[in-house]
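J.: One structure is given below, represented as structure tokens, and several questions about it will come after.
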Amino acid sequence: MSASPSAPEPSVRPLPSWLDSLIAECRAVDGTPPYSDQAIVDYRMTTRELLAIDEVAAALVARPPGDTTEAEFAVRPEARGHGIGTRLLAELLRESHGGLRVWAHGDHPAARRLAARFGLVPARELLHLAAELGQADRPASAEAAPAAGTAPTAPTAATHPTTSTALDGYRLAVFRAGVDDGDWVALNALVFAAHPEQGAVTRADLDQLRAEPWFRADDMLLLWAGAELVGYCWLKIEGTLGEFYVVGLHPDRQGAGLGGALFDAGLAHLRRLGVARAHLYVEGDNHPALALYRSRGFHDDQIDIQYEWRG
């Protein structure tokens, strides 16, 4: 009997070089990336398309069949104020028959004016919170950051001085590529079942994120109850800036202090590596998460707004 053919590898396409430069220029001026990591992953996986104007403005567009179009777009800083953003949004609206949702990262006044001009209304609010993790905040027993090219000691509950007794009976370990992938994707889908972006992350998406230059398995902490994955704290570290990229806890394990303990383990990991500033994104109506983060010293830094137009 012949073996069944294996599934084809997902198609992956690179970003155009001019789009890379547009992203870098926008981030340098605005202080925030113009596109989410997931939007870029979707483009590379060919589930988003690129709509551009003369390489000075670009939208990454998702068009689910029969559903609302979703887009993130940006204009090069030097090209702003000349109606290019207006042209791009008008084109998106012309092509969006079932409605349109557009993210404005940073909630700039120009974005608010443009949205109002075309009748788009705020639909979602994503808060960007930040906290300084200065040297004074590092635990006395913190180890020096590892030399470049070397792996730090794998974080465990014992090596995190701020980890509470809530983790007693659980095991904190780092992500093992090729071993933990399926468990993580399944738990992430469960935790974010009601989240339109994070809950839709696939194994192929995870592979793409693991290929990013910032990814390190040692910065992805997994919480196990025996052989069951019940939580995770994924950190994205770039220089002295550390992002709580995504934090999740199994719904059945919530309410016992595990979420706070897992978050504290992430903070301790950042401090061990000498990270000076931590930040994260959270939905504006996620009040339990906001209460936790603010109790740890995180403050509002900026706001991302998703605007909606109903065709």
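Don't overthink the numbers, they just go from 1 along the chain as shown.
Note: Cβ is positioned from N, Cα and C throughout, glycine not excepted.
Just so you know, TrEMBL annotations are computer predictions that nobody has curated.
Pulled the feature table from TrEMBL, pasting it below:
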- 10-138: domain 'N-acetyltransferase' (DOMAIN)
- 138-162: region 'Disordered' (REGION)
- 139-162: compositional bias 'Low complexity' (COMPBIAS)
- 173-311: domain 'N-acetyltransferase' (DOMAIN)
- V247, G248, L249: acetyl-CoA binding site (BINDING)
J.: By DSSP, how many residues in the domain 'N-acetyltransferase' (173-311) are helix, how many strand, and how many coil?
T.: 52 helix, 46 strand, 41 coil
J.: Are there any residues at least 6 positions away along the chain from G248 (acetyl-CoA binding site) with a Cβ closer than 8 Å to its Cβ? List them or say none.
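T.: When sequence neighbours closer than 6 are ignored, G248 (acetyl-CoA binding site) has L187, N188, V191, F192, G231, Y232 within Cβ distance under 8 Å.
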J.: Taking 8 Å from the centroid of the Cβ atoms of V247, G248, L249 as the cut-off, which other residues in that chain fall inside it around the acetyl-CoA site?
T.: V191, G231, Y232, C233, V246, G259, L262
J.: Taking DSSP states H, G and I as helix and E and B as strand, how many residues of the domain 'N-acetyltransferase' (10-138) are helix, strand and coil?
T.: 49 helix, 35 strand, 45 coil
J.: Hey, what's the Cβ neighbour count for V247 (acetyl-CoA binding site) at 10 Å?
T.: 21
J.: I'd like the number of other C-beta atoms within 10 A of the C-beta of L249 (acetyl-CoA binding site), please.
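T.: Looking across every protein chain shown, the total is 22.
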